[in-house]
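Structure first, commentary second.
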Amino acid sequence: MAGLQRLASHLPVGVMLPHNTTEAPGPHSAKQDSYEQSDSSQQSLKGHLRNNFQKQLLSNKELTLDKVHTHPKWNTKARSYSYPHCTGISHQDAGSDFQGQGNGLFYSSGPQSWYPKANNQDFIPFTKKRVGVDRAYPLKPVVHRKSCSTGESGTDGDQNVYPRPPELREFSSRNFDVRNQVNFSVVDPVLAAMQAEKALANLDRMEWVQIRRLEAAGESLEEEIRRKQILLRGKLKKTEEELRRIQTQKEQAKENENRELQKIIFPRSRVKGNNSNTTHKAVFSPEFDFEEEFSRDKREDETWERSQQNSSPFQLSDYRIQRLKRERLVASNNKIRDRVSEPSMEKFSPPSETPGGALQGSARNSSLSMAPDSSGSSGSTEEPQLGECSHCGRKFLLFRLERHSNICSRMQGSKRKVFDSSRARAKGTELEQYLNWKGPASAKAEPPRKNNWRQKHESFIHTLRQAREVQQVTAKGENRSHLPPILPAENPDYIQCPHCSHHFAPKVAEQHIPKCKTIKNRPPPPRKHYS
């Protein structure tokens, strides 16, 4: 009994015993049969202990399974504990001796804290029969995912590691597969749903941001369009006002022109239709009419100065054009009135006695003779009389001759002195006595050239004859040496140099002769005396 109790105390916890004691776990050797026959009493006690131990193991398994299913966090812990212990178990060979010394660690499928370690110093004598291995139902091949060292080595270096029972292996592998299936079956749709929700949320956000941007751009465009519309309306109003002002000014200018034309036309009709009494009225009326026009122009200028502040450059240009037209009309009216009033003034004016009066009368007559062409009132076609100026000899109309003669006499009588800067600088200095205060050198009167055209003609004919003779001789094939030498042609205009007897043109001779004189008058160089 003491030996059995000792055996039970040292029995490993992780060993999976068979359920039925009658079933043989595997093939038996001859030594095992002899051992069983001799010790049958011990076998009965072993069977009783095995049954008790199996019941405890089953109860512990049920508790662990309940805890694993109730607490999902322990699933990962159990899985982490189960894998390394499964990989650390190695099977012994069938022919190996089971009674050898073994110091390995034995673990269960549960956590390590529930099962104590086996004592390394105690040795359990077993038969060669392997406990917990059913040869009729072989186990599935174990896949070693992680190699785990037991961490404790025996004294002799041999480790007898007992394998896990087949039920625990099957249960752990099935539990692992079930957990993986549950985890993947639960996690995959959840992750897919989360990813789909995130994608939809991102799309919604992007669409919302784009919509906000488009709305902001549309609002900014609407504001710009409103501003531009307001500006265009203001510009249209301004242009309409300017056009109205221009139209009113044009209408006023047309009315003024019509009034002036009427004033010009009515006096002519009065002059043509009325008698001599009306002519006297026409003679003296222009002064009053001119005063009225002058006062009216002043009033218009004042009104223009007032409106100038609020007027545009186009309006100013229109006003200037109108003013020029008005001035031209006034000038033409004055000319017409002067022409009409001159005959009547001649009737009342006394005869002039001075020669200036005669000139004025002739000038008036000439102006009257020239005027009908522009006015069209008289049809005379007399030519204008011209008078010659006694100072410059030019001809002018008689009414312009007097004015020109006065100006021309002043210009011809006054002789302006030319300012000499050298004399002004030298005045009052020692240089004044050395300067030659001569007037400007008068241009030398060149003598008239002699007309030597006959000599030139004769020399030209002589050269032509000599050239013909030479051509005839060459045509016959004779020698030219028999002909007399050709004399050089003498140009009568050329001047012969007295020093070198060469002929030069007059201007060239003037430069050549003094140079040639100095060259010829030089003394000869001294002779060299050779020793």
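Going from the start of the chain as shown, residues are counted 1 onward.
Even glycines carry a Cβ here, placed using N, Cα and C.
Residues or ranges marked as region 'Disordered' by Swiss-Prot: 16-45 (among others).
Taken from Swiss-Prot, the feature compositional bias 'Low complexity' applies to 35-44 (among others).
Here Swiss-Prot flags 209-264 as coiled coil.
Annotation source Swiss-Prot lists region 'Disordered' at 290-318 (among others).
According to Swiss-Prot, the feature compositional bias 'Basic and acidic residues' maps to 293-305 (among others).
The compositional bias 'Polar residues' annotation in Swiss-Prot covers 306-315.
The annotation region 'Disordered' is assigned in Swiss-Prot to 334-387 (among others).
If you look up Swiss-Prot, you'll see 335-345 (among others) marked as compositional bias 'Basic and acidic residues'.
Sequence annotations record features per position, and here Swiss-Prot assigns compositional bias 'Low complexity' to 366-380 (among others).
Taken from Swiss-Prot, the feature zinc finger covers 385-414 (among others).
A C-beta separation below 8 Å, combined with a sequence spacing of at least six in one chain, links Cys392 (Zn(2+) 1 binding site) to Cys408, Gln412. What Swiss-Prot lists as Zn(2+) 1 binding site is Cys389, Cys392, His404, Cys408.
Marked as zinc finger by Swiss-Prot on the basis of sequence analysis: 493-522 (among others).
The Zn(2+) 2 binding site feature in Swiss-Prot is assigned to Cys497, Cys500, His512, Cys516. Taking Cβ-Cβ distances under 8 Å and a sequence gap of 6 or more within the same chain, the neighbours of Cys500 (Zn(2+) 2 binding site) are Cys516, Lys520. Cys500 (Zn(2+) 2 binding site) falls within neither a helix nor a strand when secondary structure is assigned with DSSP, and so counts as coil.
Cα spacing between His404 (Zn(2+) 1 binding site) and His512 (Zn(2+) 2 binding site): 53 Å, rounded to the nearest whole number. Counting residue by residue with DSSP, the zinc finger (493-522) contains 15 helix, 4 strand, 11 coil. Shown in sequence order, Pro498, His499, His502, Phe504, Ala509, Ile513, Lys515, Lys517 are the same-chain residues outside Cys497, Cys500, His512, Cys516 whose Cβ sits within 8 Å of the Cβ centre of the Zn(2+) 2 site.
Rounded to a whole number, the distance between the Cα atoms of Cys389 (Zn(2+) 1 binding site) and Cys497 (Zn(2+) 2 binding site) is 53 Å. The Cβ neighbour count for Cys497 (Zn(2+) 2 binding site), using a 10 Å radius over every protein chain in view, is 17. Secondary structure at Cys408 (Zn(2+) 1 binding site), taken from DSSP and collapsed to helix, strand or coil, is helix. If you take the Cα of His512 (Zn(2+) 2 binding site) and the Cα of Cys389 (Zn(2+) 1 binding site), they are about 51 angstrom apart, rounded to a whole number.
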